[in-house]
Every structure is written in structure tokens, then in C-alpha cells.
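Chemist: Pulled these features from TrEMBL for this protein:
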type    : residues                                              : note
BINDING : SER67, ASN117, GLU161, ASN168, TYR192, TYR244, VAL262 : substrate binding site
DOMAIN  : 318-419                                               : domain 'STAS'
Amino acid sequence: MPIVAQLVQQYLDRIRAEHADVTDGRLADYIPELSRVDPEGFALSVSSSDGFVYESGDATVEFTIQSISKPFTYALALDRIGQCAVDARIGVEPSGEAFNVISVDEVTNMPKNPMINAGAIAAVSLVPGRTADEKFDLIQEFYSGFAGRRLEIDHQVYASEKATGSRNRAIAYMLDSFGVLDGDPDDVLDVYFRQCSFKVTSTDLARMAATLARGGINPMTGRRVTDGAVVRRTLSVMVTCGMYDAAGDWVSAVGMPAKSGVGGGIVAVLPGQLGIGVYSPLLDAKGNSVRGVRVCRSLSEQLGLHFLTVARDSRATLRAVYEPVDRIRVYEAHGDLLFCGAEQVARTVDRERDRFDVAILDVSRVDDIDDAARALLAGMSATLRAQGKDGYLVDPDAVIGTGLTAFGSVDDALAAAGR
Ligand code: DON
């Protein structure tokens, strides 16, 4: 593993460890099969926007996607029939109600948003297909495009939910009575139960999130799964409605579009920057993973990931890399250097370490830097030294102070390096 990856890995392991002892919450038992999972399972995966994945804990354990399916089917409906047709059937207003509430908007008679069950069932009905199988095949292909691998369903969870899903049946028939549902309610429900039963790992969720973060391009496969307008609309409803009646608290404290599922997963997206997948199946009263929410909160606080912090800064990072003299490489950063930008700078330096004896990090065009980025670059300079390499900093305005020897210009740094 590259050295900078080890540093980030340590951050993630530490953040996960901070919450490992929390045993609050309960397994979802209204779907009987979900109460059979190991309550201890705990995983955190983070994908950078260029597809590099960090994993901590049980990142290979599969669990069912449940409500995290909802934004992806909503995106598929938008992708295939367009926003106008979708808006004619599903609203975008936060409901402030539980995910399984049997209600529609009093004025429009439509589900209030696509993140509660009513809106999600309506979204399934909008996916093109003459039969339930045709709809399901499209959904499977679409989700798999986001994950970068073919996702399969857990047949036991599907059968368990289908056998006990009276509440969702009530919702589907209510929608049918209001003329909101396209097709036979039982067929639509069958597809909904199947989509909730897809098996994913925390890493799948991180990759799906990173595909949203990249505006619809999967950074691992390079394939465009959907377009930027679909992603923008999908992320918008994730911000306002993704965590149900905890949405306000989530946006204030964590500040990332997100979606939870009663299987214990949470997916969170930092647009343009990274994707997060967390798994821990003990849930709070709102159906959100207790440790999942806590981990996301810590990640946001400790790595400065709140989207209202990052929005103005997302243009950060490497502007140029060049070699003015043999075996001396200059890495020129610009913009605002926050965690994600610093991670990419440090990982680039690390990847190229066999190509230089001296690395010069030129931050003379960096406007601002935060503590998470500073700590990462300090760690990078220590590891360069440990490998017998020199690291110099061009920092005329002293924005950093990483422990690297600082100079006012690249020429001064080259002179110090004796070239
Ligand atoms: O429809 C249901 O009740 C489940 N298949 C999904 C609910 C869910 O994940 C709610 N999210 N936290």
C-alpha cells in the first residue's frame, strides 16, 4: 500500500475504533431475516474521486442495500423518462415523517419524496419495462454500473420481506387508488422487494457514492452510468430527505448528501471529492445505523468534509508536475488545499517516489489550507525523509508549516538542493 494510503488508513481505523464499543440500537426485525445478521459487523470504506478505495473493518461483509436502493432507482427513473415525467408522480419535499408512513401529500396526492417508501415504490413503477423482470433487469444493470461489479440479490431477505410486507402493500394500494402507480401494485412491489435485497459491501457503497461524486462517471471503470443533471437532482433529494426525519440534524452535523438503509448501511457523497460507505446493523429509532451516523459525523468533523465548507474549495490541488532538473520533481498545488486535495497530492508524490531524489511541493498558489491537509502533508514529509529522500516546500506566504524545509521560490529550493 502506498505510504500516504497508510496515513489515511490510520485516520479511518482510528475513527472507526472511536465508535467500536458503541452497542446502542437494535437490529431491524420487522423483516425477520434481517434480525439474523451479526450485530457486531462494522465497516467503513472511502473512495476518492479518482477511484482509490480505503477500507477499515468488515469491508468484505455483504449486507442488503434496503433503502439505499431508493436514490439509485429514482436516478434510473430520471435517466429513462426525464425529470418532468418523474416530477408529475413524485414530489421533492422533506416529509419529516418516518420512512414507512402511509401517506401522500395532501394537495398533490403524490408521495412527498422518493426517499420514503411511498416515493420509492412510485419510482419503481416509473422504470420502463413490460414485466417485473424487465424492470428488475434494468435496475440490476444500473446499480451494478454504479458499483463497478455485478450485484446480486439475497433471496432469503427478498422472500422474508415479501412474506411480511403488509405495510408496503398498503402503501402501494393507496398509491394505486390515487392513480400515482403505473402498473399492477403487486408487480411493482415485487421489484421493490427485490431491489431492497441487493447484497452490497461498504466498499460497493463507497464506489456507488464516488460515482455520484463524479457526476455519474464510475471512477473505477471510467464508464458514464448517468448524466450530471440526474446526479444533481438525486443528490438534492438525498440532502433534504435521505435521512428521513433526522435529515436536519444530519445536514447540520455531517453535511453530505446521504441515504441510510435498515440493513445497516449508509452511503454519503461529497460532490466532486469522495464517496463513503459505512456498515453497522444496529439501528436507532429512525431506522438509521447508530454507529454509521456517528462515524460519518466524526469523518466530517475530523477531515473537514461538510459540503458547505468544501463547496468553495473544490477546485484545489495539483496544477502542474514537472522536473526542472534530473531527479528533482516539483508538485505545484493551487486553490484551497483541504483533506481530499492533500490526499491526492500526497498520493501522487508517493506513487512517483522512485522517480525523484528531491520532491518540491510548491504551494505558492494555494489560498488556504486546513488542519487535516496540513497533518497529511506533514506525515508525507516524514515518510519521504524516512526513505532517504528530501522534501522541500515553496511557501512564500507561510501557509503550511509542515516540517518540510520552506523556501520563497522554486529557484531557491533548487539552489538549496545544490542544482
Ligand atoms: O421497505 C422497507 O421497509 C425496507 N425494504 C427498506 C426500509 C429502509 O431501509 C428504511 N431505511 N432506513
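Each Cβ is built from the backbone N, Cα and C atoms, and glycine gets one as well.
Curation plays no part in TrEMBL annotations; they are all automatic predictions.
So where do these features actually land, and what's packed around them?
Modeler: Secondary structure from DSSP puts GLU161 (substrate binding site) in a helix. Under a cutoff of 8 A between CB atoms, and with a sequence separation of 6+ in the same chain, the neighbours of GLU161 (substrate binding site) are ILE31, GLU33, PHE193, CYS196, SER197.
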Chemist: Taking ligand 1 as the reference and 6 angstroms as the Cβ limit (strictly under), which binding-site residues among ASN168, TYR192, TYR244, VAL262 are close?
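Modeler: Listed by sequence, the hits are ASN168, VAL262.
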Chemist: Can you tell which of TYR192, TYR244 has the most other C-beta atoms within 10 Å, given these are the binding-site residues?
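Modeler: When each Cβ's neighbours within 10 Å are tallied, TYR192 tops the list.
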Chemist: According to DSSP, how is the domain 'STAS' (318-419) divided among helix, strand and coil residues?
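Modeler: DSSP classes over the domain 'STAS' (318-419) add up to 39 helix, 38 strand, 25 coil.
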Chemist: Max CA to CA distance in Å over the substrate-binding set SER67, ASN117, GLU161, ASN168, TYR192, TYR244, VAL262?
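Modeler: That value is 21 Å for the farthest Cα pair.
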